[in-house]
C-alpha cells in the first residue's frame, strides 16, 4: 500500500499492535499477536477544482462619479429658445395667412386626424412610462386603422377636388 487512507491516522511514537482474538463468552479467548504496524502519514487531501471559488472574496470598494455639473441657466434658456423658435415662426406665419381648414372636420377626415392624435398620445405615453417594445406593439396595432382612415381621407379629398373642377 503506497499511502494509507485519510481516515487512518499515522503512528507518531509507538507502533500499532495487531492482535487476533478468537473466543466466546463461554471459553477464554485465544490471543495471537500478529505484527506491529507503522502507519505512515497519508497524502494531503486532493484540492477540489472549485475550492478556490468558495473562499471569501475581497471587499469591493465602490467609487461614485461626482455629480454632473449643470450648465448655467442662461445657456439652458438660450438653447430652449432655439428649440422653440421654429414653432413660434410657424404659428406666427399661420396667424398671418389664416389658413382655412374646412375639410378638417368633415366626417371622412376626422377618423384620420383622431388616429394621428392617438399616435401623438402614444409617443407622449412612451416618454412618460412605456418601454420601447410596448410602443412598437401599440403602434403596430394603431397603424392598421390609421392606414384605412388615411386612405378614406385621401379618397374623399380627391373626390372633392374632382367635383370643384
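The backbone N, Cα and C atoms fix where each Cβ goes, glycine too.
Matching 52-74, 75-97 against TrEMBL, the residues noted as transmembrane segment span 75-97. Range annotated as transmembrane segment by TrEMBL, chosen from 24-45, 134-155: 134-155.
Mean pLDDT across the domain 'Ribophorin II C-terminal' (64-161) comes to 92 in this model.
The residues of the domain 'Ribophorin II C-terminal' (64-161), classed with DSSP into helix (H, G, I), strand (E, B) and coil, number 74 helix, 0 strand, 24 coil.
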